[in-house]
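J.: The structure under discussion is supplied below as structure tokens; questions concerning it will follow.
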Amino acid sequence: MGSTCIAMAPRTLLLLIGCQLVFGFNEPLNIVSHLNDDWFLFGDSRSDCTYVENNGHPKLDWLDLDPKLCNSGKISAKSGNSLFRSFHFTDFYNYTGEGDQIVFYEGVNFSPNHGFKCLAYGDNKRWMGNKARFYARVYEKMAQYRSLSFVNVPYAYGGKAKPTSICKHKTLTLNNPTFISKESNYVDYYYESEANFTLAGCDEFIVPLCVFNGHSKGSSSDPANKYYMDSQSYYNMDTGVLYGFNSTLDVGNTAKDPGLDLTCRYLALTPGNYKAVSLEYLLSLPSKAICLRKPKRFMPVQVVDSRWNSTRQSDNMTAVACQLPYCFFRNTSADYSGGTHDVHHGDFHFRQLLSGLLLNVSCIAQQGAFLYNNVSSSWPAYGYGQCPTAANIGYMAPVCIYDPLPVVLLGVLLGIAVLIIVFLILYFMTDSGVRLHEA
């Protein structure tokens with residue numbers, strides 16, 4: 001029986017390797033997944049299990065998320081919202097979550113379809129740029145931190161003027177940053193204004209620093225009727241570091257000279273005491289911040305494309321923001337096409353993509369998720385976890401051309417296997433000879 005096992009093992013091994021090479025075994029899968037149970041997802045209605053409706057549709061039919069994950073405790077999602085929307089506007093949801101492997105499937109609820117402009121003759125493209133810069137900062141930082149939440153930023157302003165809401169469009173009202181009105185004892189906006197704010201309780205904070213990107217005209221209370229160039233900065237009073245920028249474009253807020261809107265940069269600031277300074281026009285300062293806590297070993301985030309069905313206008317800003325090495329982007333090639341709920345919810349292909357959250361995988365890489373850690377035809381780029389070695393399969397040749405590292409590893413394993421086989425053969429031959437001699 002021992003000789004039979006020795007004879008079958010090499011054939012079985014060759015058969016398994018042959019099947020892997022011929023049929024593309026362990027190819028990267030276009031899914032989002034995780035290496036273990038230490039993961040978390042931030043989403044919108046497509047992963048919001050708490051959404052309630054009374055339109056007669058089947059329960060949870062709006063989800064792209066598998067309903068089995070609804071009670072996992074690993075989802076922070078809100079119908080009609082997004083991280084960007086909550087960060088800047090009064091329409092707020094307190095996104096909160098923690099994990100080693102972070103997944104984002106949101107962003108579509110602030111898109112060209114909404115057409116937000118800060119001013120009547122503003123520019124929605126400015127806000128698409130803001131969106132891209134915001135998510136780039138969030139993705140970069142969440143590759144380094146476990147925990148994300150929102151916090152309010154307290155400030156102290158020594159003047160008499162009150163906060164003002166100057167950025168409104170349809171249902172959206174901007175409240176981050178906060179703008180301080182012009183002091184009544186000044187004739188125009190040519191004066192320096194400042195306020196102090198404190199960041200405490202988190203390892204880092206993401207805050208907005210924004211300016212109007214062109215010529216801002218004074219209000220009706222400004223008898224000079226002048227145009228102003230916005231200038232804003234934040235000064236760290238503990239370290240002496242200054243962050244700031246000025247408006248640079250030749251645009252305004254009139255029908256003949258349109259395009260004036262808010263341009264934001266998203267700073268990652270450490271805890272401390274800060275001073276917000278405006279040299280001209282309105283003082284602005286952060287009212288909310290994203291709180292980053294619990295540094296971790298670097299682990300790229302996974303971002304699922306968040307877009308509408310083609311009947312609505314979408315953008316690709318999350319794709320623009322999702323860059324290597326801190327982010328892996330996942331998408332489908334087909335138009336988003338919802339099922340029983342509406343065309344914007346319950347897409348079959350996106351449900352397949354998110355189904356990877358039901359299981360652990362061995363490796364997560366740029367190309368996708370690898371189920372196993374043995375051999376694949378694709379070398380995992382930027383791989384994390386226990387990743388497979390790769391073989392470059394030459395279908396037009398009778399042999400496979402392996403990458404150097406896998407060849408060395410497989411050669412060592414093959415040598416060890418040969419030694420074991422020779423040892424077993426000699427052992428059984430010697431043992432059989434002894435038994436024949438004794439008989």
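The backbone N, Cα and C atoms fix where each Cβ goes, and this holds for glycine too.
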J.: Which of Cys327, Cys363 is the other half of the disulfide bond that Swiss-Prot records for Cys387?
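T.: Out of the candidates Cys327, Cys363, the one Swiss-Prot links to Cys387 is Cys363.
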J.: Going by Swiss-Prot, tell me which one of Cys70, Cys118, Cys210 is disulfide-bonded to Cys167.
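T.: The record-listed partner cysteine is Cys118.
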J.: Need the cross-check against Swiss-Prot: the disulphide partner of Cys202, picked from Cys291, Cys322, Cys327.
T.: Cys291
J.: Identify which of Cys19, Cys49 is listed by Swiss-Prot as the disulfide partner of Cys70.
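T.: Swiss-Prot lists the disulfide between Cys70 and Cys49.
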J.: To the nearest whole angstrom, state the Cα distance for the pair Ser45 (active site, nucleophile) and His345 (active site, charge relay system).
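T.: About 8 Å separate the Cα atoms of these two residues.
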J.: Can you give me the Cα-Cα distance between Asn196 (N-linked glycosylation site) and Cys291 (disulfide bond) in Å, rounded to a whole number?
T.: 19
J.: Given the model, what does the mean pLDDT over the topological domain 'Virion surface' (23-407) come out as?
T.: 91
J.: For the region 'Receptor binding' (133-281), DSSP counts of helix, strand and coil?
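T.: Split by secondary structure, the region 'Receptor binding' (133-281) comes out as 10 helix, 71 strand, 68 coil.
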J.: Helix, strand or coil by DSSP: which one applies to Asn94 (N-linked glycosylation site)?
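T.: Looking at the DSSP assignment, Asn94 (N-linked glycosylation site) belongs to neither helix nor strand, so coil.
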